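A.B. asks: Copied straight from TrEMBL:
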- ASP365: active site, proton acceptor (ACT_SITE)
- TYR453: active site, schiff-base intermediate with substrate (ACT_SITE)
- 39-123: domain 'Copper amine oxidase N2-terminal' (DOMAIN)
- 140-240: domain 'Copper amine oxidase N3-terminal' (DOMAIN)
- 293-562: domain 'Copper amine oxidase catalytic' (DOMAIN)
- 567-655: domain 'Copper amine oxidase catalytic' (DOMAIN)
- TYR453: 2',4',5'-topaquinone (MOD_RES)
- 1-19: signal peptide (SIGNAL)
Amino acid sequence: MWLLGLPWALALLVTTTSSSPSAATPDPASIFADLSPAELRAVRTFLMEQPELGLSPSQGGPLAKNSLFLVELLPPKKRAALRFLEHGGARPRREARAVIFFGAQAEPNVTELAVGPLPQPSSYRVLRFKGGRAVPFWARPMTRVEYELLHEALVAALAPLEPLLREATGFGFQNCSERCLTFSDIAPRGLGPGERRTWMVIQRFVEGFFLHPVGLEVLLDHADPEPRRWAVRQLWYNGRYFGSVQELAESHARGTLPLVRLPEPPGPPHLFSSYEPRGRFASGTPTEVHGAKVCEPQGRRYRLRGNRLEYGGWSLAFRLRSSAGLQLFDVRFSGERVAYELSVQEAIAFYGGHSPAAMQTKYMDAGWAMGASSYELARGVDCPETATFLDAHHLLDADGPVRFRHALCVFELPTGVPLRRHFDSDFQGGFHFYAGLEGRALVLRTTSTVYNYDYIWDFLLYPNGVLETKVHATGYIHATFYTPQGRRYGSRVHTHLLGNIHTHLVHYKVDLDVAGSGNSFETMDIRFENISNPWSAGARVVQPWLHREPRRREREAALPLGRPAPRYHLAVTRHHENEPSSSSIYTQNDPWDPPVTFESFIRDDETIEDQDLVAWVTVGFLHVPHAEDIPNTATPGNAVGFFLRPFNFFNEDPSVASRAPVIVRPLDPPAFSHLDIRRWTPPSPGACVHPEPFTYNGTYRQV
């Protein structure tokens, strides 16, 4: 059995079949590898040359055009992959998933294609969502071209407000090269299907501009493919709504507008949204010197071959898909598969507030391509100096692959607590033995910086067969302009700044294959009994017992996060090839009728006994922002995750295979003057220094 450890429930998958031995095939993990820059270019070139598609470059030009938005690996079907991995079958056809915006036609839409075979594509076919759902053009993600047009439309529309903005903020939009205003856009973009009207929070463009709203929010309708027909529909300033730009401008001109004059922002050393040090710790202990570091005194204890990662008993394949981020495949321990896939599906943040932008904010970050927001990891800060850093290449809203330097890292981490230990006292001032095994874990990490928020995504592999999935939230809070009415929706974190209450929810796919793909599901719960004491007449014993409950159908295996449904902290469903993901890049702009609806996965209430099962896990936390979230939300206390733990799967703790324990036995008790110290590693770890100075590049450029 393999245990799925959750904050709310104890859940396990029960094995029913045996797995076959792995076939010896060259580089099997590569069937799950992300597309190389050459493959990305080949797919784009092939599609651009197909006259029936009529594709134009992604950058420049109008919105009403046919353009290639996204190219990434289309993973092989599970059945084909397992035939190859387990039985020596044919290598699965390597294909790409291509997302095309067809805007230059009478009925614009978004179409997904499978393109292959790679590395030299020669054909394509249409990919369809479950139920044959089509993707309307207005559900498409935003592009750089649309943002540029939004900015132009906003600047032109707000020209009558320039005197107001200059007087209130000292910043402006018109003919701006410095002391400029900017905006953050909110989603969903409307209140129903077919809409594409976005509330935008106007901010002063200084370092950490997310924390510098000026009190103006603008609703811009940009549903029409022709930007000349875009228009401002409504405005909100300092707690009041206005039906037009002219109405707000006239109110200011008449002197009837309660104007909030913002103080001049100080320079970076004193700017509250800056990382510049300020103040001193009361203890006076040094912070100008380096602190504790991770080191590898005898070299790396893991092996990285392409996208195959091996560590102790662990072996897995990984990729960083542009749409939703980290994805593990073929996860094995001691050569036996425990999971076919473990992947991030979606990250959601629901907000509350008094301003229209705050109350409308329901971010669904797959719609912002959070996997392609994997910017450079800093050595010694984001990952230890000893880490192995890997680049990623994305073709998203670009006319060629873009290299994201050091987008992932792999490192072994001392946990700071023993994996296990025992001191066996003789209760007479001595001991029979001491034994301990140092705590270590291998970490695979990437980040997603989705505008203001930074998510740190980790998979941790422990030597005792435990796999931990964890996400930390940091970065800038999504904040709005402070009004007294807003206090019920958060905290006043600065003079004119409200930190809005919000809930983070992260969804994972866990396709467990425990000793094969034929599994069942049951939950275990603790119950209590009050029974007569069998060895003392008249006495009673209150004690816990394990209540096991088989979950035989999908509805029984959907454990609700709370009322009302549908939102589940754990749901177990039958594996289907047409249910590869629980969300999509279109849900953000079409949450009302999205092409992927997770509820449809369990609606048919299929049997889940002795079947190929997928567990869908939701973790999350409530965030009530506070002053200490300035300048950024800190990671302690803002991390969630879950564990996969073996449960009667092994005969003993598999970490006994490690050669890193220390065992101490006295040779001459009770004197204890001679000790037998058993170690299988060198007596001293040696020097622990990383000689290279800190460097950082930070660019992500087309290659």
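Just so it is clear, glycine is given a Cβ too, placed from its N, Cα and C backbone atoms.
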A.B. asks: Rounded to an integer, what is the Cα-Cα distance in Å between the residue listed as 'active site, proton acceptor' and the residue listed as 'active site, schiff-base intermediate with substrate'?
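C.D. replies: Distance between the two Cα atoms comes out at 10 Å.
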A.B. asks: Same chain only, sequence gap of 6 or more: which residues have a CB within under 8 Å of the CB of TYR453 (active site, schiff-base intermediate with substrate)?
C.D. replies: ALA349, ALA473, THR474, GLY475, TYR476, HIS478, THR633
A.B. asks: Count up the helix, strand and coil residues in the domain 'Copper amine oxidase N3-terminal' (140-240) according to DSSP, in that order.
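C.D. replies: Across the domain 'Copper amine oxidase N3-terminal' (140-240), the residues distribute as 31 helix, 32 strand, 38 coil.
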A.B. asks: For the domain 'Copper amine oxidase N2-terminal' (39-123), provide the mean pLDDT of the predicted model.
C.D. replies: 96
A.B. asks: State the count of C-beta atoms found within 10 angstroms of the C-beta of ASP365 (active site, proton acceptor), not counting that atom itself.
C.D. replies: 25
